[in-house]
Every structure is written in structure tokens, then in C-alpha cells.
Amino acid sequence: MGWQYVNGIVTANHHIDEDVWRIEIHCPEIAGMCRPGHFVMLRSWQGEPFLPRPMAIFHYTNESFDVVYKVKGFGTKMLAAAAPGREITVTGPLGSAVEHSYLGKTIALVGRGVGITPLLPVAKAASEEGGSVISLLSARTEKLLVGKEDFELLGEVHTQTDEQQHSRVTDKLERLLNMGRHLDAVYVSGSKRLLSHCEELGARFGFQVYVFLEERMACGIGYCKGCAIEMRQGSRKYSLCCIQGPLYRAESVVVI
Amino acid sequence: MGWQYVNGIVTANHHIDEDVWRIEIHCPEIAGMCRPGHFVMLRSWQGEPFLPRPMAIFHYTNESFDVVYKVKGFGTKMLAAAAPGREITVTGPLGSAVEHSYLGKTIALVGRGVGITPLLPVAKAASEEGGSVISLLSARTEKLLVGKEDFELLGEVHTQTDEQQHSRVTDKLERLLNMGRHLDAVYVSGSKRLLSHCEELGARFGFQVYVFLEERMACGIGYCKGCAIEMRQGSRKYSLCCIQGPLYRAESVVVI
Amino acid sequence: MSADLRCQLGRLSLKNPVMPASGCFDWYPEHDGPFHPDELGAVVLKSTTLQPRDGNIPIRLAETPSGMLNAIGIPSYGLEGFRTILREKWSRLKTPVIASISAFTPEEYAILARELGKEPTVAALEINLSCPNLEHGVIPAQDPVLLRECVEAVREATEAMIIAKLSPNVTDIVEMASISESAGADAICLINSIRGMEIDIWKKKPILGRGTGGLSGPAIKPIALAMVYEVCGAVKVPVIGVGGISRAEDAIAFLLAGASAVQVGTISFRDPLAMRKIITGIREYLDSEGYTSVTDIIGLARTDT
Amino acid sequence: MSADLRCQLGRLSLKNPVMPASGCFDWYPEHDGPFHPDELGAVVLKSTTLQPRDGNIPIRLAETPSGMLNAIGIPSYGLEGFRTILREKWSRLKTPVIASISAFTPEEYAILARELGKEPTVAALEINLSCPNLEHGVIPAQDPVLLRECVEAVREATEAMIIAKLSPNVTDIVEMASISESAGADAICLINSIRGMEIDIWKKKPILGRGTGGLSGPAIKPIALAMVYEVCGAVKVPVIGVGGISRAEDAIAFLLAGASAVQVGTISFRDPLAMRKIITGIREYLDSEGYTSVTDIIGLARTDT
Ligand SMILES: Cc1cc2nc3c(=O)[nH]c(=O)nc-3n(C[C@H](O)[C@H](O)[C@H](O)COP(=O)(O)OP(=O)(O)OC[C@H]3O[C@@H](n4cnc5c(N)ncnc54)[C@H](O)[C@@H]3O)c2cc1C
Ligand SMILES: Cc1cc2nc3c(=O)[nH]c(=O)nc-3n(C[C@H](O)[C@H](O)[C@H](O)COP(=O)(O)OP(=O)(O)OC[C@H]3O[C@@H](n4cnc5c(N)ncnc54)[C@H](O)[C@@H]3O)c2cc1C
Ligand SMILES: Cc1cc2nc3c(=O)[nH]c(=O)nc-3n(C[C@H](O)[C@H](O)[C@H](O)COP(=O)(O)O)c2cc1C
Ligand SMILES: Cc1cc2nc3c(=O)[nH]c(=O)nc-3n(C[C@H](O)[C@H](O)[C@H](O)COP(=O)(O)O)c2cc1C
Ligand code: FES
Ligand code: FES
């Protein structure tokens with residue numbers, strides 16, 4: 001266990017669509033330790049901006065891992081400028097790995113946009129372990145349904161893009177549930193709106209809802225106490241997203 | 001007249017020897033206005049370090065100019081990393097152009113290392129105008145006698161490297177003067193030791209000694225008042241190197 | 001139609017809220033750059049003293065992370081020399097000219113204010129109460145009693161608009177701003193540079209000839225912004241925000257915090273067109289956010305209004 | 001032979017002069033990184049309060065040019081919870097452990113000092129007199145009277161070594177250091193983070209949930225260095241330099257200015273191995289400059305010695 005702080009090498013960095021990119025980083029020290037739920041802190045530049053950026057792991061092998069990211073501000077702009085061959089510092093793997101048992105269980109994965117990222121490792125683990133997986137992916141465009149093909153290899157996939165009719169991808173989930181489909185858990189990421197809907201369905205149909213959360217991070221390793229997530233349950237008001245998260249039971253947290 | 005602040009494009013950036021590099025920058029707006037004595041402020045990076053770096057102009061055409069620089073700290077390290085094609089901000093041309101009249105005059109140019117840089121435009125101007133030029137160049141290595149071939153096209157050249165016997169390149173000047181050679185002025189750059197010798201010779205043989213000075217600069221355009229050169233003559237104790245300099249009469253300044 | 005950048009700084013009408021910080025801009029008509037001072041909301045001149053001064057011994061500059069230290073020490077032509085330059089050079093501008101005065105005693109401040117307040121070219125006087133680089137080391141803006149004396153002396157000496165420029169090196173900036181206001185300042189300007197030092201570890205001595213200097217540039221922006229925010233909540237006179245502004249976003253943040261105008265210093269050394277870009281950027285922001293006048297956004301980020 | 005990094009901080013013997021700044025380091029034995037705390041000269045713990053505290057509402061962090069703002073607000077397990085962690089976790093370290101205490105009254109400081117001063121794991125107590133992020137907004141290190149009361153209360157409560165950690169947000173840091181010394185502090189630590197603010201210009205409100213926060217990181221290094229330089233010339237007790245140290249060169253500058261040891265904060269967030277690199281870099285500098293002990297360079301850049 002434990003995390004490392006090492007130099008990786010960018011091996012690919014492709015534009016997917018609109019403001020979304022996918023970067024592949026050769027970094028055996030960290031890739032080899034990755035588990036579902038993990039994230040990394042990345043910095044591919046010198047000088048400004050000052051802090052590294054937290055990013056979920058989308059895909060990993062023993063040698064390398066991939067991150068799908070949206071260009072928002074200065075840091076992700078610098079990331080998009082990192083050409084193959086460039087050194088990039090990586091701290092990871094970070095966060096609490098998802099250690100759920102999926103044998104014989106049915107789970108749904110509900111993701112929107114780059115929020116889809118952390119769901120793929122969960123889908124793979126569930127499928128490998130003998131669970132069944134329903135993926136519900138939503139994005140602005142077809143291309144931004146990142147990893148759609150990968151999810152398709154693992155089970156049933158429903159998608160929804162903003163280019164299509166305006167409904168929620170979780171409406172499909174609701175229909176399946178209404179038709180008597182059983183679910184043990186749903187993992188949601190990247191949309192507050194979809195989360196609310198899942199929580200409603202979870203309460204109605206009796207399954208656990210988990211959510212991947214994001215909060216500003218300086219360190220990612222529990223040093224700074226900055227990444228506070230407000231809790232609805234438990235003895236403490238806040239939880240550190242980088243240590244206890246980024247995955248939480250939806251009912252335990254306040255999502256802003 | 002006047003200066004500009006524009007983006008140039010790096011068209012070449014070669015290692016010369018040891019820690020010295022030569023960069024060529026395509027920048028017609030500024031190159032077209034350059035005169036001997038001018039310098040530029042360069043910044044080829046984003047973020048850190050904060051300030052641009054002052055650099056003498058070694059060579060200029062109507063389209064582009066060349067700078068020869070020594071990698072010292074973070075700024076010049078970034079400069080050495082600027083690949084051809086890269087944008088580079090340039091403020092210039094800066095400083096007081098050397099407007100001396102060289103017709104029928106004999107001048108000597110005494111330079112050491114990258115200090116040789118600002119002398120070449122002076123040599124060219126003098127030679128074009130019908131003056132004669134003796135160049136005395138000193139450096140650590142043969143390759144660091146930058147522009148030796150250019151100076152040779154313009155007149156007599158004497159060189160000295162640290163690899164050779166240990167004498168001063170100005171000893172040759174002294175011999176020429178002792179042999180009755182007439183000189184109207186000497187321009188010194190890059191060595192305090194050679195400057196002292198020239199001043200001594202100037203006093204003895206009756207010619208004017210000029211010196212290219214350097215001082216830390218924030219702006220290069222007379223805004224900050226930071227580049228103070230201490231004066232030995234005149235009504236004011238300090239002179240601004242970026243506006244009144246970088247060339248001074250040696251007798252007028254205190255060289256530290 | 002594009003948003004209106006005109007604004008009011010007390011009794012001064014500005015065509016936009018952007019002006020250079022004192023000591024960070026100059027104009028050499030005979031060696032002019034790409035940038036004409038008349039583009040600016042106003043021009044603030046380098047501080048001047050009563051007697052001529054050489055300024056500090058070099059080294060006067062040191063680079064720091066996202067900023068720099070300076071120990072210029074206010075080289076000055078003295079009152080007479082300055083008046084000549086004012087009449088011969090600065091009188092040629094159309095935009096308001098704000099003269100900055102620095103002094104060692106309330107009496108000196110009063111003389112400078114009385115004399116310069118009479119100059120037709122001078123639209124307002126900025127009182128530099130906060131230079132960190134003078135030899136006696138006393139900064140009026142650090143001492144409640146001295147601060148009041150200096151501002152009052154200036155107030156009595158002139159009818160001109162006076163702007164008190166304060167130091168960040170104080171325990172309570174609101175106290176200092178309130179003293180300035182009650183002593184008669186028509187506006188408050190903050191912050192001046194912050195005391196700092198760099199050491200050359202190879203020479204084993206401070207880099208600056210004077211030891212310490214003033215820190216400026218983006219590094220200090222969050223400090224300046226917090227002080228401007230606080231002071232805007234405590235005084236009624238307009239506040240000019242200064243410190244580390246390097247992009248339109250920064251200038252906008254100061255306006256949202258409550259500043260009526262901004263001054264741009266150090267960034268002009270790196271990018272002489274920075275002020276022009278900031279003016280353009282403010283206009284673009286107003287347009288994209290649907291505001292018709294820059295005055296609409298002043299103080300919008302305040303929770304107390 | 002390589003230079004000796006051992007040094008003395010008052011009565012504490014350190015194997016090297018580098019320790020984390022309070023609140024900028026932690027250790028999770030069950031999720032350990034590449035870096036073991038025993039490599040450090042000492043370990044300074046996050047400040048603890050008498051009662052348990054949740055800490056501030058998010059957003060707690062904002063990035064700034066060459067630095068960051070934090071408004072963590074000292075989440076704390078309270079005295080009892082802290083004592084348990086001290087005994088179960090920190091007691092496992094071989095390097096000296098310095099506990100940091102934060103409080104709202106001199107009495108609270110005294111209770112914490114009395115109780116924690118008795119803990120065998122606690123090699124020294126750092127008194128955080130300067131947290132800029134507590135709800136009442138009062139910073140003892142900004143008030144000469146309160147500062148003296150707090151330090152005296154701690155001094156009376158314990159025989160343990162006490163280190164007074166001061167705030168840079170004061171007019172006269174030397175005064176505050178001298179008060180701390182005469183009130184019984186065995187060492188002075190400076191600086192804490194500097195009050196600052198960032199504004200989200202699209203949301204039109206401060207980024208931090210609490211409005212203002214503390215600025216730290218390379219941006220503030222020149223400010224910290226100037227204060228350390230000044231204080232080292234005015235007090236007899238050892239001074240710990242902190243503020244923006246991010247490379248060995250920075251740490252060396254603080255030692256040359258007169259600091260007996262240094263603390264490294266924010267840079268560890270970006271580079272968790274920074275402290276190790278700084279320790280190595282100090283040794284390389286000493287070797288290349290021909291010094292045999294780190295104590296040889298303390299104060300070398302001072303002009304007063
Ligand atoms: C655990 C975790 C996993 C994440 N995974 C992904 C991912 O797989 N793909 C992806 O595109 N994004 C992901 N994010 C969000 C991503 O970190 C931010 O979009 C990114 O930091 C923005 O940086 P910037 O410089 O472009 O933006 P700026 O707005 O310039 O950043 C300014 C500061 O705010 C922080 N910040 C801004 N937005 C966020 C945010 N949403 N969450 C946390 N910090 C933020 C930055 O880290 C930085 O410190 C994740 C965040 C967390 C906490
Ligand atoms: C008018 C003028 C012309 C110059 N021409 C040349 C040239 O043609 N070739 C060349 O190699 N060098 C030249 N220099 C010196 C060059 O500017 C410095 O070597 C360079 O700024 C060092 O930057 P750095 O980041 O590598 O070093 P650092 O030491 O990291 O720089 C730190 C700071 O100190 C300043 N500084 C450091 N050394 C000098 C210096 N000698 N002069 C002025 N500022 C300095 C830097 O500009 C910067 O602000 C010239 C300087 C001046 C003033
Ligand atoms: C080189 C330099 C010279 C300065 N000279 C003066 C001055 O003469 N009078 C004054 O009031 N402020 C002076 N200042 C302070 C600036 O006006 C401004 O308050 C400070 O630099 C912070 O703004 P900035 O970060 O945008 O530079 C000077 C600053 C610099 C960097
Ligand atoms: C996230 C964070 C939390 C901090 N918490 C504390 C604290 O609990 N107690 C304290 O005395 N100082 C605290 N500090 C201040 C640091 O110890 C240090 O004084 C300051 O950050 C300057 O050093 P730096 O620039 O190296 O970070 C904290 C700083 C940061 C950035
Ligand atoms: S990001 Fe620093 S504690 Fe979580
Ligand atoms: S470098 Fe700014 S005035 Fe000369």
C-alpha cells in the first residue's frame with residue numbers, strides 16, 4: 001500500500017472533443033498499485049500554476065494509466081500542452097480504494113461527462129468479480145461519452161447526449177427498475193441532477209447510492225486538511241475527500 | 001524612433017560552447033529599428049521567472065536579430081529551452097544608440113566572452129562609415145570568441161583564450177600603441193580587468209575609452225529607476241543604464 | 001454597444017478606472033513606446049521629494065517568486081526640478097495627472113502640497129505615506145499620530161484633491177485608513193509594496209544594496225485585495241486598489257471588492273502593454289456579463305452591502 | 001566527509017535543521033508515503049485546540065501566484081482526542097515531536113500547555129499565537145498585551161520548551177518577538193501565513209468560504225526572510241524561520257539571516273519530497289562552500305555581527 005511521488009512520462013495526449021482530452025502516462029510505480037476509486041495529483045509544468053491537479057484514473061495497466069480531463073483553467077491548459085515524452089510528476093495512487101464485494105451483485109454506474117472517468121475501473125472490477133453492470137452515460141456530445149466501448153464490453157449500456165432529446169439518462173434506469181429489475185447499488189459521478197434522481201430511486205427501490213465527489217485539493221495526501229466534504233452523518237462535520245473519499249455513500253454527505 | 005513590445009519567433013537557438021548559446025529571433029518590427037548599442041528585453045516563457053532578461057544585440061537584419069547569451073540562472077535556462085518556432089516577447093530596441101562618427105577614425109573593440117556581443121554592431125558601423133577597426137577578443141575557449149569571423153571581415157583581429165598562455169588580449173593593444181599606432185577610441189565590454197588596462201592606455205596615449213555596462217533591470221524602458229549606474233562625473237550621482245546607457249564614457253562611471 | 005468605462009474618483013472624472021502605480025511608469029516623449037499615457041484613466045507620477053535626491057545605492061532590484069523587490073529610494077529632482085518637468089512634459093497630457101509627494105516631515109509634505117496643488121497640470125495629489133525604502137526607516141502610514149499629522153498638514157496646505165497612500169506593513173489597515181479619512185483625505189490608495197529581503201547565498205549578503213526593499217507584483221495581490229476589501233467596508237471616501245494587478249481579472253476583483261479605481265505597477269515592467277490589456281479586458285468582462293457601466297460592478301463581491 | 005547537519009534549537013538537539021511547518025504535514029502509518037517523518041530534524045504537528053473543532057466551511061483553499069490561501073480553521077480532536085493520537089501514533093517516532101497549541105484565551109493556552117507539556121512524546125510546544133482563520137478574528141500575536149498574557153500563561157503552566165509562533169500582520173515584528181522573549185518563550189517561530197483574499201469574478205464573491213485566508217508559499221518568502229533577519233538581530237533566543245521555503249537555497253538564506261532552524265510548509269503539498277531535497281541540498285551547499293557544520297553558516301549574511 002501507500003503512495004509514491006515520482007516522475008511519469010506522457011506517452012499520449014489526445015483531444016477527444018470540445019474541451020476534453022485524454023492523457024496516457026507511463027508510470028509503473030504508481031500504475032501498478034492502482035485500484036478502483038483511486039486518483040492522482042498531476043503536474044506537467046514548472047512554475048505556475050502553483051499546485052498539482054487532482055484527476056481520477058480512467059484506465060490503468062501495470063505500466064501506465066490514463067486520465068480523461070476537461071480543460072477548465074490554467075492547470076488543465078498546461079496539461080493539454082504536455083506533449084508525449086514530457087516528464088510529469090505524479091503523486092498516487094490516492095484516495096480510498098473501493099473495496100466493495102460485487103460477487104452476484106448488480107450495480108449501475110451513472111456518469112456524466114468527464115465524471116464518467118472514475119466509473120470505468122469500478123465497472124471492470126465488478127464485472128471481473130462476477131457482478132453484473134448496467135452503465136448509464138450522459139454527455140454533451142457522442143464523443144464525450146468517454147469509454148462507451150469499454151463499458152459495452154462489460155454489460156448493458158444506455159447513453160444520452162445533449163444533442164439528443166432532453167431527458168435524463170437515469171429515466172432509463174427508472175424504467176428498468178419499474179419493470180422489476182433488481183439493483184444492489186448505484187455509483188454516480190459528475191452530475192448533481194442525476195445524483196438526486198438516483199437517491200430518489202434508491203429510497204424507492206431500496207439500494208445503496210454512492211457518489212464520487214470533488215473538492216479543491218492542495219496536497220491530495222492528507223497534509224493540508226483543505227478538501228473538506230460536509231457530512232450529514234457520523235461524529236464529525238467534515239471528511240477529507242483525499243483520504244476518506246473521493247467515493248462516499250450519498251446519504252452521508254451534503255452535496256453542494 | 002521609439003521602442004516596441006511585440007512577439008517574435010525563435011528561428012534558431014544553438015549551443016556554441018560550454019554555457020553559451022546563440023538565438024536568432026524573427027522580429028521585423030524591432031530588428032528594423034536596431035542601431036549599434038541597442039539591447040532588448042526577452043522573455044520566452046510563461047510564469048516564472050517573473051521578469052524579462054536584458055540582452056545585447058549581436059547581429060541584426062531588417063527581419064531578425066541574434067543574441068549571444070550565457071546560461072546563468074533560471075531565465076537564461078528557459079531561454080536555452082526555447083525551440084525554433086516558439087513565440088518570444090521582445091521589448092526593443094532599447095538604450096541609447098551609439099551615434100558616434102567614425103569617418104577616418106581608428107577604433108579598437110575589446111571584448112571578453114559574451115561581452116563581445118554589443119561590439120559587433122559598433123565594428124560594422126565604424127567600418128561601413130569609413131573608419132578602421134581593430135578587434136581584441138578574449139574568451140575561455142576558441143569557440144567562445146563569438147563572431148571572430150565577422151570581426152575578421154571588418155579589420156585586424158587579435159584573440160586570446162584561457163586555453164592559451166596567460167596574458168591579456170590588451171597587451172597586444174599596448175604593443176601596437178607603443179609601436180606608434182594611433183587610436184581615437186576604444187570600446188570595452190565584458191571585463192573589468194581589460195577595462196582598467198584600457199583606461200590606463202587611454203590616459204597614456206590620449207584616446208577616449210567607452211564601456212558597455214550591465215545592471216539589473218526590471219523594465220528596460222525607464223519606468224522602474226532600478227538600473228542605476230554610479231557616476232563619477234556630472235550633476236547626478238546615478239544614471240539609468242537602460243535609458244542613458246548601456247554605453248558610457250569609462251571616466252564618467254564607477255565600475256564595480 | 002460596448003460598456004461604459006467612465007467613472008468618478010471623488011471629484012475626478014476618469015475615462016476608465018486604470019492608472020499606473022506611482023514609480024512604475026514614465027513617459028519619454030522623445031523615445032516613445034507603443035503606448036500613449038492618454039489611453040489611461042489617469043497618470044500617477046513617481047513620488048517627488050522637496051529636496052533633490054539621488055536614490056539608493058545599487059543593487060536596487062531583485063526578482064522573487066511572482067514578484068520583485070525594489071529599493072529605489074525615490075530619486076527626485078526636488079520641488080523646482082519637478083515643477084519644470086511638470087510644466088514642460090506632463091502638461092502635454094490630456095488625461096488627469098496625479099502627482100505623488102513623499103517627505104520626511106509634515107512640514108515638508110505641506111510645502112510640496114501647497115506648491116504642487118497650485119499647478120494647473122496637477123489634477124490630484126497622492127501622498128506617499130508608505131515608502132519602505134527611505135533612509136530614516138520611518139513610514140508615516142505605520143504610526144497613527146504621524147499619519148494624522150501628515151495628512152492634516154497636507155489638507156491644510158491645499159484645496160486640491162488628496163489621496164492618502166497607505167502601507168500594508170501595519171497591524172490594522174482599517175485604523176490607518178480611518179485616520180486618513182478623518183484627517184481630510186479625499187481618497188485612500190492601498191497598498192504600497194511590502195517590506196522584504198532576498199539573500200545571495202553565494203555572496204552571503206542581502207542582494208539589495210539597502211538590505212531590504214519593497215515586495216510588489218502578483219505575489220502580493222491576495223494581501224492587497226484583502227486590505228482593499230476591508231478598507232472599503234470602513235471608509236466613505238473612494239478607495240484605489242493597488243498591488244499585484246496583472247490581468248483584467250485582477251483589476252475586476254478589486255472593483256468587485258469595492259475599489260473605485262485601480263493602479264497597475266510591477267506588471268508593466270514585464271509587459272508594457274499590460275494596462276491597455278487590462279482596460280480592454282474590463283470592457284470585455286462587462287459586456288459578457290451584461291453590465292453597461294463599470295460603476296455597476298463596484299463592490300458586488302461584498303457581503304456587507 | 002560530508003558536512004554535519006546536527007544543530008541545537010535551544011535545549012533540543014536536532015539531527016538537521018529542517019522540520020515541517022504546523023498544519024502542512026501529517027503521517028498516516030497505514031497509508032504511508034515515500035517519506036518517513038524520522039528523516040526530519042523534528043516533526044511539528046498541526047495545531048490543536050482544547051475543545052474539538054470542525055474547522056471552517058469549504059471552500060478552504062485557493063491557489064494564488066506562487067502560493068495559496070488557506071482557511072482551514074484548525075479542525076481539532078480537542079485535548080483528549082489529541083492526547084490519544086499523540087500516544088498511539090506520534091509516540092512511534094524517533095525524531096523530536098513538537099506539538100502546536102492554539103487557543104482563544106490565555107487560560108486555554110495554559111491548560112493545553114500544562115497537559116501536553118507532561119506528555120513524554122512532546123519534545124517542545126509551539127504556541128500558535130497567529131492563526132488568521134479563527135472565527136473571533138483576534139490574533140494574540142497582533143496585540144502586545146494579549147501576546148504577553150498568553151506567553152506568560154504558557155510559561156507558568158509548563159517547564160517544557162516553548163516556541164512562540166508569530167504573525168506577520170503587525171506593524172513591528174521586533175516588538176512582538178521581544179515581548180514573547182521577555183514573557184518566557186524559549187524560541188521564536190515566524191512567520192505564520194499572511195491575511196489574504198481571492199475573489200471569483202464570475203460568482204462575484206470571495207473564493208474562500210470564510211472570505212479571507214492565510215497566504216503561504218514562495219510568494220511570501222521575501223517577507224518572511226526580512227522579518228526573520230530583523231528579529232534575529234533583536235532577540236537572544238533562537239529563531240525558527242518559516243515562510244515560502246521551497247528549495248535548499250531558501251532554507252540556506254534563512255540560516256544565513258540568523259535562523260537556527262527552518263520549517264517547510266506549503267511546498268510539501270506540491271512536492272511531498274521537498275523536505276528531503278532541502279536537507280540534501282543544505283548538505284551539498286555546505287560541502288561545496290567548505291563548511292563542516294551547518295551551525296557555521298547561521299547568521300553569516302548579517303551585517304550586524
Ligand atoms: C478526486 C478528484 C478527481 C477528479 N477527477 C477529474 C477527472 O478525472 N477529470 C477532470 O477533468 N477533472 C477531474 N477533477 C477536477 C479537476 O481537478 C479540476 O477540474 C482541475 O483541478 C481544474 O484545474 P484548472 O487549473 O484547469 O482550473 P482552475 O479553475 O484554474 O483551478 C484553480 C484551482 O481550483 C481547483 N479546482 C478547480 N476546479 C476543481 C474541481 N472541480 N475539483 C477540485 N478542484 C478544483 C484546482 O485544482 C486549482 O487548485 C477531479 C477532482 C478531484 C478532487
Ligand atoms: C544591457 C544589458 C545587456 C546584456 N547583454 C547580455 C548578452 O548579450 N549576453 C548575455 O549573456 N548576458 C547579457 N546581459 C546579462 C544578462 O541580462 C544576465 O546574465 C541575465 O539577466 C541573467 O538571467 P538569469 O535568469 O540567467 O540569471 P539570474 O541570476 O537567475 O537572474 C536573476 C535576476 O538578476 C538579473 N541579472 C543577473 N545577472 C545580471 C547581469 N549580469 N546583468 C543584468 N541583470 C542581471 C536578471 O535579469 C534577473 O532579474 C546583459 C545585461 C544588460 C543589463
Ligand atoms: C520600482 C518601483 C518603484 C516604486 N516607487 C514608488 C513611489 O515612488 N511612490 C509610491 O507611492 N509607490 C511606489 N511604488 C509602489 C507602487 O506604486 C505600488 O504601490 C506597489 O508596487 C504595488 O503594486 P504592484 O504590485 O502593482 O507593483 C514603487 C514600486 C516599484 C516596484
Ligand atoms: C494548509 C495550511 C494549514 C496551516 N495550519 C497551521 C496550523 O494549524 N498552525 C500553525 O501554527 N500554522 C499553520 N499554518 C501556517 C504554516 O505553518 C506556515 O507558518 C505558513 O504556511 C508559512 O509557511 P509556508 O509558506 O512554508 O507554508 C498552515 C498553513 C497552511 C498552508
Ligand atoms: S487535499 Fe490536502 S488534506 Fe486533502
Ligand atoms: S530597467 Fe527600469 S528604469 Fe532602467
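Cβ from N, Cα, C; glycine included.
Note that TrEMBL annotation is computational and uncurated.
Over in TrEMBL, the protein carries these features:
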| type | residues | note |
| --- | --- | --- |
| BINDING | B:GLY75, B:THR76 | FAD binding site |
| BINDING | B:CYS219, B:CYS224, B:CYS227, B:CYS242 | [2Fe-2S] cluster binding site |
| DOMAIN | B:3-100 | domain 'FAD-binding FR-type' |
- Query: Is any of B:GLY75, B:CYS219, B:CYS224, B:CYS227 (binding-site residues) within Cβ reach of ligand 2, i.e. under 6 A, and which?
  - Reply: B:GLY75
- Query: So which of the binding-site residues B:THR76, B:CYS219, B:CYS242 end up next to chain C, with Cβ to Cβ under 8 Å?
  - Reply: B:CYS219
- binding-site residues B:GLY75, B:CYS219, B:CYS224: those with Cβ under 6 Å from an atom of ligand 3 are B:CYS224
- Message: For a Cβ distance below 6 Å to any atom of ligand 6, name the binding-site residues from B:GLY75, B:THR76, B:CYS219, B:CYS242 that qualify, or say none.
- Response: B:CYS219, B:CYS242
- Tally every other Cβ atom lying within 10 Å of the Cβ atom of B:GLY75 (FAD binding site). 23
- Item | C-alpha spacing of B:CYS242 ([2Fe-2S] cluster binding site) relative to B:GLY75 (FAD binding site), in angstrom | 19
- Task: Only counting partners 6 or more residues apart, tell me which same-chain residues put their Cβ under 8 Å from the Cβ of B:CYS224 ([2Fe-2S] cluster binding site).
- Result: B:MET217, B:ALA218
- Query: CA-CA, which of the binding-site residues B:CYS219, B:CYS227, B:CYS242 lies nearest B:THR76 (FAD binding site)?
  - Reply: B:CYS219
- Task: For the domain 'FAD-binding FR-type' (B:3-100), would you mind checking the mean pLDDT of the predicted model?
- Result: 97
- Task: Using DSSP reduced to three states, classify B:GLY75 (FAD binding site) as helix, strand or coil.
- Result: helix
- Note on the structure: A correct count of other C-beta atoms within 10 Å of the C-beta of B:CYS242 ([2Fe-2S] cluster binding site) gives 26
- Across all chains shown, how many C-beta atoms besides its own are within 10 angstroms of the C-beta of B:THR76 (FAD binding site)? 19
- The DSSP breakdown of the domain 'FAD-binding FR-type' (B:3-100) into helix, strand and coil residues is 11 helix, 47 strand, 40 coil
